């Protein structure tokens, strides 16, 4: 391949290129690639040139200069009325028409012109949005320096740097991050609506490529799957320095996501433009037609039937009436056209039908469509887009009607299907109560309890806290028995100490800012974790620094009142939380050599792994969790386990092998975790409050009065879900409740027997019987 400048070129869809295994491969050893995968040469545009990958510019417009007129006219003539007026206009050019063609052509032209202008204006808005996105700046590694270039200039294999709060310009392989352990936090709300942050982690081999000098030296190959629309899967390998490293979805950041709580990351472009996962999930702009418009087509068809009936009656009369005796009507002028030739009355009948259709055409008013189009256009651009009641002050986001075709659909909603967390609630977690060693702590009444009390007309007052009390965000706890070191005087002081240390150590939170309690901020993947670490700080266990292997905690009032000491804990292993495990664990070593496993997770999985003994604490804590749940609080169990050096070394060897496995790595890690997360000692549980969004109860009540049926999905326990429904006025005392549940003794017995077919059949029959009882 001749020496070719690595400049931005238009790309066409292609299969990709494959090269040799040497990480520094150039364009000379590029070979045709197998169709099942693609090979990307990192930081080498010449090597990727033969693959003809797509460029990074995207387009979401409905039309272009070539397709606008034909496609736009097709859209307009899908309407029955426009098709009808086109037919009338064509008839007006024939000799049978009694009116001038101008009478019909000009109104139709006006209708089409107005509609096409509206479509062009809306598509122009889409084009402007595309241009804004395609011209967004991003730092690209060129000539060993970071240069700011527009997104559209990126190509597969480029090395880019994305800064905090910036959006990822393409699907990237995460190479390095400014955070410890190569971790970065991303927000995927644009992809899946989730506001919780997700963790992505670079491979240890690439952590060093975070600086400009190191990033410019990076060379390697990425062998991965072809572009697809699966947002949560990715398979591939990174070949760097003659080593093959397996890649998974945890190393990929997708276009459309944004970087949070991280100064910047360095990544390699894997998929660009319309081959990115988010764009492959994007459909072409559909041609939407409202229900009213479809009904209007039926009305017009009915009117046309009436018109045709009138024309047939008139044509029959004309065929019977025509005669040469009526000379005073001067019918002879049209004899040549045979329209009024008494000798051929069938021709008179047929031609009279067309004449009358043209004459009676105003029965369907073309001006109606002009008015409707103008009203919809003005309504969307002047009223909806400028509606102050639909303006969100916090995010400076006004309403935006991207198309005016469906304005009349507003207000015709019959059903609302809603999630609870983050939709009805704020997703801003606050540490509210806790249970430690069988003793419950925390005063105050939750918002859900207040709502239920008001619904039941009960007299309940929330504990008013002193106005001088300052609270950290995420901490809404008040109990003098635990605050300011008073926990040392509790009968279960040792258990309290383990509780606080578990909160301060067992997490993946990153501290940011000055190492002082008032200036340091916590960056967490979820608000729950941030609330728990903030609680530990307020209890006197201030987590202030993290390195890849160490966690530093400033502990107050542990040995004696007023004493403060900085303690470091060596983090040996982190068993991460996922939806299957429903728990998170860390193995840490104290300065004195003590080995401890701290674990936190859902009550169901923690209780399954508790050791024998302490049945009283288990039972009391379970009762406390049920009380917290009924108050609408989110509960989490905490446990710990002392480890011996021999047991840990034996287990750690298995953990290292599972962590380096190339196949079924996640499954093997979960299996190894099961080996050590046994015989745990229960410490207690936390209760976190997630308050309702402002105005949720009144909004739901108003929607219900409007006849809208509302469904809310939640993973809470039955009693908690009912109390939350009362608090947000989803249900009230006037409603009759029907509870359909598969939690019956008969089904539990079947589950103990372990026959999945029997369980499924019993659940089906139970639900059917419950449904039949509903009147």
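Glycine too: its Cβ is placed from the backbone N, Cα and C atoms.
Sequence annotations record features per position, and here TrEMBL assigns active site, 4-aspartylphosphate intermediate to 419. As annotated by TrEMBL, Mg(2+) binding site applies to 419, 421. According to TrEMBL, the feature ATP binding site maps to 419, 420, 421, 529, 577, 600, 634, 714, 715, 716. Annotation comment: TrEMBL describes 13-22 as compositional bias 'Gly residues'. Residues annotated as domain 'P-type ATPase N-terminal' in TrEMBL: 40-104. Sequence annotations record features per position, and here TrEMBL assigns region 'Disordered' to 1-32. As annotated by TrEMBL, transmembrane segment applies to 299-322, 346-372.
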Check your understanding: Mean pLDDT for the domain 'P-type ATPase N-terminal' (40-104), as a whole number?
Key -> 85
Practice item. Can you figure out which of 577, 634, 715 (the binding-site residues) comes closest in space to residue 419 (active site, 4-aspartylphosphate intermediate), comparing Cα atoms? Key: 715
Revision key, fill the gap. Should one count Cβ atoms within 10 Å of each candidate's Cβ, the binding-site residues 421, 634 would be headed by 634
Check your understanding: Which bits of the chain, at least 6 residues beyond where the transmembrane segment (346-372) starts or stops, bring a Cβ under 8 A of a Cβ in it?
Key -> 79, 81-82, 84-85, 88, 91-92, 94, 96-99, 104, 107-108, 110-111, 114, 300, 303-304, 306-308, 310-312, 314-316, 318-319, 322, 337-340
Revision key, fill the gap. Excluding its own, the Cβ atoms lying within 10 Å of the Cβ of residue 715 (ATP binding site) add up to 10
Study note, to complete from the structure: If you measure between the CA atoms of residue 634 (ATP binding site) and residue 421 (Mg(2+) binding site) and round to the nearest Å, you get 11
Point to revise | Pairwise CA distance, residue 577 (ATP binding site) versus residue 421 (Mg(2+) binding site), rounded so that it is a whole Å | key: 19
Review point. From the Cα of residue 715 (ATP binding site) across to the Cα of residue 421 (Mg(2+) binding site), what is the distance in angstrom?
Key: 9
Exercise for review: Please work out which residue of 419, 577 has the most C-beta neighbours within 10 angstroms of its C-beta, and give that one of the recorded positions.
Suggested key: 577
